[in-house]
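> Pulled these from TrEMBL:
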SIGNAL    1-22  signal peptide
TRANSMEM  279-301  transmembrane segment
TRANSMEM  342-369  transmembrane segment
TRANSMEM  375-396  transmembrane segment
TRANSMEM  417-436  transmembrane segment
TRANSMEM  448-469  transmembrane segment
TRANSMEM  503-525  transmembrane segment
TRANSMEM  531-559  transmembrane segment
TRANSMEM  571-590  transmembrane segment
TRANSMEM  602-631  transmembrane segment
Amino acid sequence: MFPSPLPLVVLLYTLVLPLTSAFYLPGTAPRDYLQGESIDVFVNTLTPMLNSKLHSLISYDYYDPHFHFCQPPGGPVKQPESLGSILFGDRILSSPYEINMMENQTCKLLCQASVPKDDAKFINDRIKEDYGLNFIIDGLPSSEMKRDSKTNEIFLDAQGFNLGDDETIPDKPALNNHYDIYIQYHQKDYSGSYSYLPGSGLQQKQYRVVGVLVYPRTVNSMTSGSNQPDCFTNQPFYLSEASNNEFYYTYSVSFIPSDIPWGLRWDSYLHVFDPKIHWFSLINSLVIVGFLVFMVMMILYRTISKDISRYNSIDLSEDVQEDYGWKLVHGEVFRLPQRPMLLSVMVGNGLHLICMILVTLIFALFGFLSPSNRGSLATVLLICWTLFSCVSGYASSRTFSTLGGDQWKSNMILTTVLFPIVIFSVIGLLNLFLVFSGSSGAVPFGTILAILLLWFLISVPLSVAGYFYGMKHGSFSNPTKTSSIPRQIPPCPWYLNPIPSAILGGILPFGAAFVELYFVLSSLFGNRAYYAFGFLFLTFSVVALTTATTTVLFVYFVLCAEEYRWHWRSFAIGGGSAFWLFVYGIWYWASRLSLDSFTSVVLYFGYLFLFSLLNFLIGGSIGYVATYFAIRRLYASIRVD
Ligand SMILES: *[C@@H]1O[C@H](CO)[C@@H](O)[C@H](O)[C@H]1NC(C)=O
């Protein structure tokens with residue numbers, strides 16, 4: 001029944017080989033420049049900047065016709081990018097900037113731009129929304145040097161630089177049409193290696209780029225009677241919405257020596273904001289959560305061991321009156337729950353996601369996903385998601401047969417397609433919104449096709465293989481027999497009903513996660529690379545532990561109330577943190593964001609819904625699996641007559 005793995009390996013091989021070009025990860029090897037050698041300047045999308053508030057979630061292509069930025073002769077050329085980088089919204093293109101190593105330039109004319117009045121309004125609106133430009137010079141993102149007001153440390157903020165300035169005079173946005181580019185270079189150390197100019201025997205100096213700073217300015221550089229730009233007037237430049245505009249784009253380049261060696265050039269980008277608060281909150285939540293987990297363990301251990309010794313020591317003739325609580329339902333706990341099909345599909349998909357996240361976090365922890373490989377995080381997530389679909393098949397098959405389901409064919413199909421289709425449809429719908437809003441964030445057709453192929457040709461077969469493998473292992477044995485006639489269920493207190501218990505049970509895991517969640521959201525929306533993977537890994541472990549213990553505790557109370565329908569409750573309680581995630585998302589939207597367009601709001605809530613759904617699946621399956629094994633252990637330890 002189990003298919004031979006050979007065709008699968010061949011399939012994987014033939015598929016992954018041509019895709020390796022799509023997974024090309026640039027920026028890993030240093031590049032040495034001789035004096036005067038030209039340095040690549042690429043442009044990325046325009047993204048909204050998170051200053052005090054974020055105004056939009058839509059990004060624009062640099063060469064969007066509304067902006068009228070200067071184009072390179074022959075038109076912009078697309079640069080190769082990894083799948084993950086495309087998915088995360090990078091669209092990297094060539095630019096007309098000419099920068100040569102060690103050659104300073106002052107007020108160099110890029111081009112003369114003309115912006116009609118309709119597009120002037122478009123650009124002014126984007127300036128009001130705090131859009132930023134993103135250049136990539138020798139693989140480094142353009143950044144601004146900032147000083148952390150708390151720690152006084154100097155760091156490079158790679159959030160992009162302002163498209164314009166709407167703060168000097170409110171409601172009168174000025175366009176930044178001049179850029180001062182500072183390139184920090186490091187002269188290569190010659191102690192080990194020598195390089196000679198061919199023929200001359202002279203040693204030539206080599207340089208490496210170790211930092212890129214861009215300070216934009218607004219300057220009305222077009223003066224009448226001269227065809228040279230003047231970058232040093234104090235007059236700002238305003239785009240007129242009443243008439244057509246003609247103006248210059250200019251730039252200056254300065255090369256600044258730096259002690260930073262090439263290998264450490266990313267370090268100044270990886271700045272921890274408020275490290276004290278970060279640590280303090282993490283330790284705080286670790287202590288609280290550790291204490292709670294300890295309490296839960298103690299309560300469970302003491303109560304249960306007392307219960308077990310009492311049950312097992314009771315004289316059989318008297319135990320009719322003494323029996324109470326969870327022991328009474330020993331004939332019911334393993335009764336087939338409602339909708340076992342959906343439950344097993346959800347557990348399978350949840351475990352699939354857990355494996356994906358865990359392996360990605362471990363990769364990140366060992367430093368494989370440095371920000372110098374743009375999009376490597378998303379790429380690794382995608383690869384893990386594709387490969388670990390075998391886990392979903394395996395787990396779903398074993399859960400389904402343990403629950404006592406018998407329609408294995410429909411179960412297999414649903415496990416493989418149900419959630420991917422739900423997730424693809426939501427993302428497809430959001431993508432449609434992006435397409436209509438003219439945003440560059442819309443995923444291009446080729447990428448969609450690549451992902452669908454990955455899913456259909458690798459993920460689906462692996463899931464089916466996992467399913468058959470799970471069927472070979474069969475179901476888990478249940479320690480007690482299920483009685484033929486269902487017991488009557490006494491009314492149970494309100495807080496043990498599925499929805500209240502899920503909401504209550506979700507508080508603890510969410511409480512453990514929410515400090516880190518704030519940082520994740522800020523770097524997600526602030527367009528900053530997230531790299532505190534150590535924190536994230538710790539948080540993930542703590543949350544998983546908390547979810548498991550709270551769910552077991554709640555289900556224990558449920559069983560003590562002689563309510564034996566625990567299967568769905570355990571899933572709901574485990575996934576209860578999704579409710580709080582959603583509430584937190586609404587709070588974040590109301591307090592930290594001020595999204596202007598309808599599309600941005602739809603996007604935000606679409607992503608929030610997806611995150612909450614994933615959270616529900618992950619938490620729910622942790623809760624279910626932990627509870628199943630706890631219950632199995634519990635009922636195996638009592639003597640049943
Ligand atoms: C370029 O300009 C910077 C400061 O503006 C100066 O320190 C540096 O020496 C100049 N470099 C060259 C090669 O002229």
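Just so you know, the numbers here start at 1 and follow the chain as drawn.
Glycine is treated like the rest: Cβ placed from N, Cα and C.
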> Do the transmembrane segment (571-590) and the transmembrane segment (503-525) come together with 3 or more C-beta pairs under 8 Å, pairs six or more apart in sequence?
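Checked: the transmembrane segment (571-590) vs the transmembrane segment (503-525), in contact.
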> Can you find at least 3 Cβ pairs under 8 Å between the transmembrane segment (279-301) and the transmembrane segment (531-559), where each pair is 6 or more residues apart in sequence?
yes
> Can you tell me which of 342-369, 375-396, 417-436, 503-525, 531-559 gets the most C-beta pairs within less than 8 Å of the transmembrane segment (602-631)?
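Counting Cβ pairs under 8 Å, the winner is 342-369.
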> Who are the chain neighbours of the transmembrane segment (503-525) in space, where the CB to CB distance is under 8 Å and they lie at least 6 residues beyond its ends?
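Beyond its ends, the transmembrane segment (503-525) has Cβ neighbours at 50, 54, 57, 278, 281-282, 284-285, 288-289, 292, 495, 532, 535-536, 539, 542-543, 546-547, 550-551, 554, 573-581, 584, 588, 593, 619, 623.
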